[in-house]
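**Q** Mind having a look at this structure? Questions to follow.
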Amino acid sequence: RWLTCKSLPPGALERIAGTVADRVRVPWFAGAVKINVSLVPPLVLLPVSLHVAALHFLLGLVILTSLPVVVLWYYYLTHRRKERTLFFLSLGLFSLGYMYYVFLREVVPRGHIGFAQVAALTCGLVLMLAALSRAKTDPGYLPIPASSEKPPQRGVPNSSVRGSSNGLHGVATSGAASGRAVNGEPKGYFRVSAEEPEGVKKDWCAKCQLVRPARAGHCRLCGRCVRRLDHHCVWINSCVGEQNHQAFILALSFFMLTSVYGITLTLHTVCRGRTPFVALFYCPGAYSDYSSALSFTCVWYCAIVTAGMGYILLIQLLNISYNVTEREARLALRDNTGRRLLGGLVIDTGQYNRGFLCNWGHFLSLGSSPPQRSAEDIV
């Protein structure tokens with residue numbers, strides 16, 4: 001029906017895709033292991049694209065221009081559907097491994113790179129992977145109350161603590177009980193707490209059914225609340241929060257240093273006699289043989305990825321300098337409560353900004369002490 005352009009039943013393509021995803025398995029000793037379909041495309045797409053791009057300059061221009069467009073389109077598609085995917089993590093890790101493989105096979109045998117330079121590049125790669133592994137750990141998830149395992153029947157906070165529908169924010173002051181229905185519940189369903197003093201603010205997450213500490217937020221992709229939530233990073237397939245923000249910045253920094261160093265070594269080998277910046281745009285002998293063309297194409301691919309990651313690192317460093325998270329900046333833009341600084345690169349909310357040195361001191365002390373347990377957690 002699809003080939004003949006006839007209408008399909010609702011959800012037919014989704015069921016077909018789900019069946020195919022369930023059947024993609026690898027034989028193993030204890031039984032076939034299911035493979036996440038999103039892991040496969042980068043393993044095929046990247047090598048084929050780079051090898052085709054190395055055939056001619058115009059092919060390289062078209063492919064290296066279209067690759068970022070395809071990645072951004074897939075990001076928009078998954079972000080709109082609120083889906084978690086391993087595509088970006090697979091693409092990042094496989095890109096690192098494949099670039100390192102091309103460097104050892106095509107660039108090092110030319111004889112212009114010494115053992116010390118290869119060792120330095122390898123150490124940078126290992127340190128980056130170690131920091132990435134640390135960034136993949138618990139970002140600071142808040143414990144889910146036992147009462148949230150089933151729909152609550154009694155004791156739900158009153159309407160003075162409003163739960164946001166999207167889990168991003170929900171600050172309200174305590175006061176007299178309201179007779180309005182909240183979150184679709186009938187009138188008089190919520191209990192009034194007489195022990196809360198006037199003016200005390202709480203941040204209630206309607207999805208996790210808990211009171212969040214300051215600067216915590218709910219990730220709609222992970223389905224959990226995270227302490228000092230910065231953002232959900234698709235490249236590590238995890239949230240960046242209080243416990244792993246330092247490792248995330250460290251991984252980005254090691255990546256930038258290692259990538260720039262590898263690009264410089266490769267350009268010095270393929271385009272000898274020219275500075276790296278000039279060789280990146282003008283290297284007449286790059287397509288004289290297939291090995292040089294492949295190396296030059298990989299350099300341009302690395303340069304595009306490095307530019308994107310460099311922008312992310314710059315925004316992160318500016319946010320740290322002003323002690324603001326990506327989530328807080330996004331909410332400040334939506335509510336028109338922040339100031340745009342440095343051409344809009346950073347949004348200063350002014351709420352937690354205590355000066356450059358104090359802000360960095362606060363960031364470097366993240367996760368140094370275990371978080372304080374609230375009374376709600378103890379109860």
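Cβ from N, Cα, C; glycine included.
Annotations for this protein, taken from TrEMBL, read as follows:
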type     : residues : note
COMPBIAS : 156-166  : compositional bias 'Polar residues'
DOMAIN   : 201-329  : domain 'Palmitoyltransferase DHHC'
REGION   : 143-166  : region 'Disordered'
TRANSMEM : 48-74    : transmembrane segment
TRANSMEM : 86-103   : transmembrane segment
TRANSMEM : 115-132  : transmembrane segment
TRANSMEM : 247-270  : transmembrane segment
TRANSMEM : 290-314  : transmembrane segment
**Q** Reported in the order helix, strand, coil, what are the DSSP residue counts of the domain 'Palmitoyltransferase DHHC' (201-329)?
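**A** So the counts come to 68 helix, 20 strand, 41 coil.
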**Q** How does the model score the domain 'Palmitoyltransferase DHHC' (201-329) in terms of mean pLDDT?
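**A** PLDDT averaged over the stretch: 91.
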